[in-house]
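One structure is given below, encoded as structure tokens.
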Amino acid sequence: MIFTNAILVISALLPATVLSLQHTEDSLFPARCWPDPCAGITFQNDTYVCGDPRLGPVVLPQKFPLNNELRTYARFGALCPAEFLDKWATDVAPNGTYIYPPANGFALDTEEQPILGNATLPVGMKLDRFGSEYGTFLAPLGAPYIERSLPPSNLNTFDGMYPYNYHVYQVTKEFVVGLGPIAPWFEQPGMGTQFVTYTNVLGLIDDGYLRRLDESEYDEKVEYSNPYTPGPNQ
């Protein structure tokens, strides 16, 4: 309710701005979740949807390439926020944590075995991830967020140098990863490609296998992992 009331207060002061904010709020939740889409959620911080860090930031990126990667994102699928947490976290209460998929998030075959194999990433390949450099998951540059099966909290900013916790890298020495399709999870369809490394990303940087890229080094359409991702000027 506090989240909704904040929008209404701003509307009295900034009518033009609030139209955009109200549209943003409306589009966050399925219509059936109204009039109180945040029911059952403990408010903690107005940076986050319903005030809960697990539900991710209220404002999503507007700048290429992140706006394209999130263009098809429906944060909660057909669920209301409390239903989403009830399904995907250990508890709706703030102390609940997300439940992650088995088998490192790889899709499973008909015998419930993960579909993956080893692959060598070539020098020059560009990769990205939403998450800290202590993690071991990477994706082809520009993969849509819905294909990654990540929770909304992976979009939270912890370091101002990396808004939305987004990091881009280039392979500088060949290395081997586990490669395979991503299982559906967190109300997302998944089925993108993930690379699981055998040491964390920070270790790969320190050992010279990866280097961090600046924005100017990944701003061309041709660099992206799929042919349907528009470039920054489209």
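Placed from the backbone N, Cα and C atoms, the Cβ positions cover glycine too.
Keep in mind it's a predicted model, so treat the numbers as computed, not measured.
Feature annotations, reproduced from Swiss-Prot:
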CARBOHYD  Asn45  N-linked glycosylation site
CARBOHYD  Asn95  N-linked glycosylation site
CARBOHYD  Asn118  N-linked glycosylation site
DOMAIN    120-212  domain 'TNT'
ACT_SITE  Arg129  active site
ACT_SITE  Gln194  active site
BINDING   Ser216, Asp219, Glu220, Glu223  Ca(2+) binding site
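The structure, with features from Swiss-Prot marked on it.
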{"residue": "Asn45", "record": "N-linked glycosylation site", "CB count, 10 Å": "9"}
{"residue": "Asn95", "record": "N-linked glycosylation site", "CB count, 10 Å": "9"}
{"residue": "Asn118", "record": "N-linked glycosylation site", "CB count, 10 Å": "9"}
{"residue": "Arg129", "record": "active site", "CB count, 10 Å": "23"}
{"residue": "Gln194", "record": "active site", "CB count, 10 Å": "27"}
{"residue": "Ser216", "record": "Ca(2+) binding site", "CB count, 10 Å": "7"}
{"residue": "Asp219", "record": "Ca(2+) binding site", "CB count, 10 Å": "14"}
{"residue": "Glu220", "record": "Ca(2+) binding site", "CB count, 10 Å": "11"}
{"residue": "Glu223", "record": "Ca(2+) binding site", "CB count, 10 Å": "17"}
Rounded to a whole number, how many Å is the Cα of Ser216 (Ca(2+) binding site) away from the Cα of Arg129 (active site)?
17
In angstrom units, rounded to an integer, how far apart are the Cα atoms of Glu220 (Ca(2+) binding site) and Arg129 (active site)?
18
Predicted model, mean pLDDT over the domain 'TNT' (120-212)
97
Closest of Arg129, Gln194, Asp219, Glu223 to Asn118 (N-linked glycosylation site), Cα positions, recorded positions only:
Gln194
For Arg129 (active site), name the DSSP secondary structure in the helix/strand/coil scheme.
strand
Looking at the recorded positions Asn95, Asp219, Glu223, which has the shortest Cα distance to Gln194 (active site)?
Glu223
